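Participant: First, the structure itself, so that you have it in front of you.
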Ligand SMILES: O=C(O)[C@H](O)[C@@H](O)[C@@H](O)[C@H](O)CO
Ligand SMILES: [Mg+2]
């Protein structure tokens, strides 16, 4: 079998799907994308084509190593997202050729169902109580929200109180009948992280995500020393070579590689098993589309340390397109009592509605995240 064609489709709300065709008619789908940089990743995918056209799609490991090493420069959000989507599509082809879901090719199920969580609250966390109540009816009992609005590198007690009050209200309303993670989203700089973690400790959030920016990872062990709140990070780290330093330095209890940013299934499997050696749990990042989620679930169902899976249904980013819009086998993505079952179909387990994708790609928006500014006019971390 030989790879004959790669086609990318940028689609609402902010995703990109990749179709890889072969000379025997088997097609694989991937989701190579960096939110807000879809066109850049699209070009990176096109620049990878010479390594792929005419090659045997079964040789995923060699194709992965070639894409990673042959261009001399390596790593980073754009190149690793391009490789990620291509890798997903190659695993999709392999599973379809062998008639098995990818998890069967990786040693079979390590669990019967996977715990999912849902975002609440939006960019500037609001209406959280109501949104939790609504999602509880849909079976969710685990949530994530932004921990703060814009926050200066050094900010006021009033801002800290605002963040704490929001969490206190959640615990007042729901007690321990629900769990929730707080995403600091890179908005909290090191000078504020300790204060916020100390003040939030009493409410026992399930985790605090990106307690400081990934480029400040050396703070993770120091912050972990002063809090019992599990610290999580990983969506802005792109290969096992980045994660290895964080594992060795310590401080993280949860790693969150993104299956569409960190080299795909081939790379994230390696990250997951490295994490397990350090007793670190896995909670793949996935505010993206259905192919990305399907790839996450394939890794979740073979990784012992996988504990939570993000999914984007209802997320505040999904304006103009929703996760299941592009899926034919919607029923396989049903979340039952907050869990997802293994995807039964061969490959990644998602039947892409190609006609819908092609139609939607005709007017794909160039999504960008907002550029926030502090009161003094300086740019704020979003
Ligand atoms: O945890 C999450 O889902 C992420 O922090 C998410 O909010 C961002 O990755 C966003 O998608 C960037 O455009
Ligand atoms: Mg996050």
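Even glycines carry a Cβ here, placed using N, Cα and C.
Keep in mind that TrEMBL annotations are predicted by a computer and have not been checked by a curator.
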Participant: TrEMBL has 183, 209 binding Mg(2+). Which one of 149, 150, 235, 242 is in the same site?
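Facilitator: For Mg(2+), TrEMBL names 183, 209; of 149, 150, 235, 242, the listed one is 235.
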Participant: Among 183, 209, 235, 310, which recorded positions lie by ligand 2, judged by Cβ under 6 Å to any atom?
Facilitator: 183, 209, 235
Participant: Going by Cα-Cα distance, which of the recorded positions (185, 258, 285, 310) sits nearest to residue 209 (Mg(2+) binding site)?
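Facilitator: Nearest listed residue in space: 185.
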Participant: Just name the most isolated of the active-site residues 185, 285, going by other Cβ atoms within 10 Å of its Cβ.
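Facilitator: Counting other Cβ atoms within 10 Å of each of the active-site residues 185, 285 gives the minimum at 185.
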Participant: Looking only at C-alpha atoms, tell me how far residue 185 (active site, proton donor/acceptor) is from residue 258 (site 'Increases basicity of active site His'), rounded to the nearest Å.
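Facilitator: Residue 185 (active site, proton donor/acceptor) to residue 258 (site 'Increases basicity of active site His'), Cα-Cα distance: 15 Å.
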Participant: Counting Cβ atoms within 10 Å across all protein chains shown, which of the recorded positions 183, 235, 258, 310 comes out on top?
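Facilitator: Buried the deepest by this measure is 258.
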